[in-house]
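What TrEMBL says about this one:
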- 1-15: signal peptide (SIGNAL)
- 10-255: domain 'Calpain catalytic' (DOMAIN)
- His166: active site (ACT_SITE)
- Asn196: active site (ACT_SITE)
- 300-336: region 'Disordered' (REGION)
- 481-602: domain 'C2' (DOMAIN)
Amino acid sequence: MAFLLLLLCVPQVIPDHEDQEWNPKRLDLYAGIFHFRFWRFGRWVDVVVDDCLPVSGDGVLLFCRSATPREFWSALLEKAYAKLNGCYEALEGGNTAEALIDFTGGVSEPLSLDREALVLHSDHRRTFFQTLAKAHECKSLITCSIRPAEGETVESVLDCGLVRGHAYGITAVKRLRLGDKKTGRVSRLFMVRMRNPWGTTDWTGAWSQRSQEWQQMSRADREKMGLNVRDVGEFWMDFEDFCHYFTDVVVCRLVERALLWPHSHWREERCHGEWAPAPTTPGSPPSVVLHSNYALTLGKTNIKPGGTEQRGNRKEARLGESQPQKRGRCEQGKTVKKVVKDDGGERNGGWEAQTDKRSRCGGCINHRETFLHNPQFMFEVRDKEEEVLMCLQQEDRRIQRKDGGGENLPIGFEVLKVEVNRCSRVQCVVEQAASSVYMDSRSVTLRATVATGRYVVLPTTFLPGATGRFLLQLFSHSRVRLRELREDLPSSSMFHCFLPQPTVVTTVHLRRASRLSPPKETAPDVYAIVRCENDTIRTRVFKAEGNPEFNFRVIFYRRYPEAHISVELWSRGLLWDTVLGTARLQTVESERTRSHVIDLRLTSQSGSRHRGCVHVETSSSPCLTDL
């Protein structure tokens, strides 16, 4: 908590701080109340507290206190934060990632360091250093800590002076070139400046305050290179030593919520949603509702907070850092028949209630029958591949503990790549683009680089039937729109009312093309056009590619299923484009993942000739909600 106070930089947390300041000349303005704001579930929440602070018998503040005896803003802020979380006890230990969100309105990304890989492999270490440097350049807040191993205690001090369990702040990340005047050799330094908020113990290793490494440069050189120490408790470390000792890093990225905002920061899209059972009809039994007190099977494996383990399509939940004694895995492959404690009672539900397609609480991808019943949200990457940061938050149930409330749900999400023209809910899993861990923390974050195309995010609880509200946030550097998919079929325009109704749904997966140019010729800039009835869908241009890998999916709701689907390949030119060839697909009414290798035909006045081929997969169904 003390570390967060030192990092406090957002004026929204203490609004009108000058008006709230003690003014001995205007005692009549002092009312004994203070106003703070914290970011919760997508909005700033106002918290007001009085000026009564808990003290010991000799009048010393029990919890957070300033080194300046007559300074109380930190203690008042802590009291407001304790009120928001239910009590002071709720702050004990704490969760750095969640607290940074509360204080900044940003998004926290926890990173668990593979110390062995970072220490042994310089390329891994360099990549991680660049990640931290870029985050620091974008004004992100970065913290790091040493997780106590089994048998070690929090706040125990290592021989090097670092403290287990303390949240250190990273206040600078620098890459330097250090020259030796005698030998003429130049060495590269990768350095991080740290701050211990407690200011009681300091790093004693290389580049510590009185180490011999500082003798290699004068004070003027240190100032010129920016290797200065600004405050008490700050120190420098070599990045290799940093990777050797620290186990966890949290990067809190600030988010654009204003018109005039640097493009280097993240832009935010967010949607609120709810995991809810299917609506009941009059006379029907109530739907199953599974709350957070479900059974867990404790495993014998040593599970690290925030980790994940996958074998094929199986995903195991990892419980959060706040509850290490409950680490384990959720029981797989069983339907939960008994529902525990909803407003003092129990509800019994059956498999039929969980498999109702109107349900929006289908559980994780382990539960194939119900997984796609979850809420679905779509976004599209248009021009080039994009780095996106996705964050799923649930309402924090832990603040209800003092009233006998339950624990947080294990939550996570899946990202599916779908057809480029899809505008309705996904009915079958085709391609998984990314997958988060499942944790019982308040938020789960995933950073991924995705190619151009259309994607659907499915926020889920680990088990089907669990209910609650959530907030899904998508962060990107370009404008990416996030919207919920509610309908099973695309809406029809007024013009379509005069046409026959669709009778077949077909998906076309254009995988690749081959042999588009002879070996010794320059490969063309290629794109493809897929035509079906009145729909025309075009791919992006693949430059100088004789064997382009399209990986391009489209979906068509067809009124005339006997008509063929054509795939045209074109070469882009300076003045006009030329067709390379056309392939025609004829599908049957019901087929699943049928593979085709079709020669491209180019018809001209001199006749028809072949020029390469395309590799295509098709699926069709007379049930429009099958695909």
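The backbone N, Cα and C atoms fix where each Cβ goes, glycine too.
Predicted automatically and left uncurated, TrEMBL annotations should be read as such.
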Problem set entry | Rounded to the nearest Å - Cα separation of His166 (active site) and Asn196 (active site) | 8
Exercise. What are the non-local neighbours of Asn196 (active site), defined as same-chain residues 6+ apart in sequence with CB under 8 A from its CB?
Worked result: Val163, His166, Tyr168, Asp202, Gly233, Glu234, Phe235
Seminar exercise, completed: Neighbouring CB atoms within 10 angstroms of the CB of His166 (active site), all protein chains considered, total 20
For this session: For the domain 'C2' (481-602), give the DSSP counts of helix residues, strand residues and coil residues.
Result: 4 helix, 63 strand, 55 coil
